C-alpha cells in the first residue's frame with residue numbers, strides 16, 4: 001500500500017450528506033493563471049444561504065455529488081474540485097448573487113468546447129437548491145486556449161483573401177428564406193452581388209429541403225458568384241450553409257463547396273453542435289474556406305437575464321471552436337442587443353486582449369494570445385438609415401448584413417444592393433473626413449441620395465421604419 005493510500009485510509013469514511021460549503025466554498029483561495037474562472041448569477045431557493053448555493057454550483061459542476069462517497073478517498077479532491085472563491089450581491093436585485101468559481105485545468109479535455117460546457121453548464125442548471133442560474137462570463141486561461149485551433153483564418157487573412165480593406169463588408173440574406181427554387185435563388189444571389197454587395201447568405205434554416213436540394217443550390221450560387229465577379233472585378237462570396245443531420249453529410253457539403261472554388265461556407269453552430277462546428281472549422285482551415293457562423297437558437301439560451309448563459313460566453317466558445325464570422329446583434333435593428341453589452345462581446349470576438357470592464361458586462365480580463373479574431377455580423381431589421389450608426393458602432397472589422405433592407409427595395413434586388421453600397425461608402429468617406437456619424441448620420445445619407453436614385457428610393461421606403469423596444473438583457 002502506498003503512503004498516500006495509507007494516509008487516506010487512516011482518515012476513514014463517514015457516510016451521509018454534508019453541506020457543500022464545508023468543502024467547496026473557499027473564500028481564501030487564490031486563483032491560478034491556469035484556472036478556468038466562471039461568474040454565475042445565482043438565485044437560491046428561499047432558505048438556502050448564498051455561500052451554500054455558490055458552493056453547490058462549484059461542486060455539481062466539478063467533482064461533487066449529493067452525498068459522501070467512499071471513492072472520494074481514492075483521489076485528491078483538493079486537486080480536482082471546483083471552488084467558489086467569492087460571492088457578491090447583484091445591485092438592485094433581491095436574492096441574486098454573483099458566485100465566482102475556479103476550476104482546475106485538469107478537469108477539461110484539451111481542445112474540446114463540448115467537454116468544457118458539459119461540466120460547467122451541465123446538470124448543475126437543473127439543481128433543485130437553485131431557483132435560477134446563469135453563466136455570465138468565463139475566463140479561459142492561455143494554457144487552455146493554446147489547445148484550440150480557433151477560427152479557420154481570422155480577420156486579416158479574410159481581408160487578404162478578399163482584397164478588401166478600410167470598410168465594413170456588406171452582406172444580404174436571401175429572402176424569402178424558404179420556398180425558392182435553386183435557380184431563382186441563384187438569380188437573387190447574382191443580382192445582389194452584381195449590385196455591390198460582398199456576400200450573400202443562406203438563411204439559417206436553408207439546408208436541403210424538397211423545394212431546393214443542397215447540391216442544386218450550391219451549383220446555382222457558384223454560377224452567380226463567378227458571373228458577378230466577372231462583371232464587377234471584385235471577389236464575391238455566398239455563405240453556403242453546410243449544416244446537416246450528420247457530421248459526415250456536413251463535411252460532404254463542405255467538400256463540394258471547395259471543389260466549386262467558392263470562398264466561404266456556413267454553419268449553424270448551436271443547433272449543429274460544438275463537436276460538428278470544430279470539425280468543420282478544422283476542415284475549412286486545411287482547405288482554404290472561410291467559415292460563417294449563424295447563432296440560431298441562441299436566444300433560447302441567453303435571453304433570460306436570470307437563467308441560462310450570456311451570449312458573451314457563447315461568443316468566447318465560438319472563438320475557441322472556430323468561425324470567421326458570427327452574428328452578434330445590431331443594437332439598432334429588430335433583434336435583441338443592448339449597446340454596451342453588445343460592444344463588450346464584439347471586443348471579445350475581435351481583440352487580442354480585453355480588460356475586465358463591468359460597465360460592459362466583462363467580468364474577467366481575457367488574453368487570447370495568438371488566436372485569430374472573428375468578424376461580428378450585424379444582421380436583422382436594418383436598412384440604409386441605420387448605416388451611419390452601424391458604421392460608427394461596429395467599425396471597419398465587421399459585416400453589415402441587410403436582407404429585407406436589400407431585397408425589399410422597390411426597384412429590385414440589384415438597386416437594393418446599390419443603395420446599401422452607396423450608403424456605406426458615403427458613411428466611410430464622411431468618417432474618414434472627420435465627420436460625426438452619430439450626430440450627422442441622417443444628413444450624410446441625404447447628401448449621398450442626391451447622387452444615387454437607388455439610395456433615394458430606399459430612403460423613402462424605410463424612412464418610418466423603427467424597432468423601438470427595450471432590450472431584455474441590460475446591465476445591472
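Yeah, the Cβs are placed from backbone N, Cα and C, and that goes for glycine too.
Feature annotations, courtesy of Swiss-Prot:
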MOD_RES   3  N-acetylproline
MOD_RES   14  N6,N6,N6-trimethyllysine
BINDING   123, 173, 177, 295, 327, 379  substrate binding site
ACT_SITE  175  active site, proton acceptor
BINDING   201, 203, 204  Mg(2+) binding site
MOD_RES   201  N6-carboxylysine
ACT_SITE  294  active site, proton acceptor
SITE      334  site 'Transition state stabilizer'
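Its Cβ placed at the centre, residue 379 (substrate binding site) has 25 other Cβ atoms within 10 Å. For the pair residue 175 (active site, proton acceptor) and residue 123 (substrate binding site), the C-alpha distance works out to 39 angstrom. Proximity note: of the listed recorded positions (201, 203, 204, 294), 294 have a CA within 10 Å of the CA of residue 327 (substrate binding site), given in sequence order.
Mapped onto three states, the DSSP output places residue 204 (Mg(2+) binding site) in coil. In this structure, the CA atom of residue 204 (Mg(2+) binding site) is 7 Å away from the CA atom of residue 294 (active site, proton acceptor).
DSSP classifies residue 123 (substrate binding site) as helix under the three-state reduction. Separation of the C-alpha atoms of residue 177 (substrate binding site) and residue 203 (Mg(2+) binding site): 6 Å, rounded to the nearest whole number. Note on proximity: of the recorded positions 201, 203, 294, the one nearest residue 123 (substrate binding site) is 294, by Cα distance. Counting only same-chain residues six or more apart in sequence, the Cβ atoms lying under 8 angstroms from the Cβ of residue 203 (Mg(2+) binding site) belong to 173, 174, 175, 177, 178, 241.
The most densely surrounded of the recorded positions 175, 177, 294, 295 is 294 (count of other Cβ atoms within 10 A of its Cβ). Spacing of residue 201 (Mg(2+) binding site) relative to residue 379 (substrate binding site) is 11 Å (Cα to Cα, whole number). Distance between Cα atoms for residue 294 (active site, proton acceptor) and residue 379 (substrate binding site): 10 Å, as a whole number.
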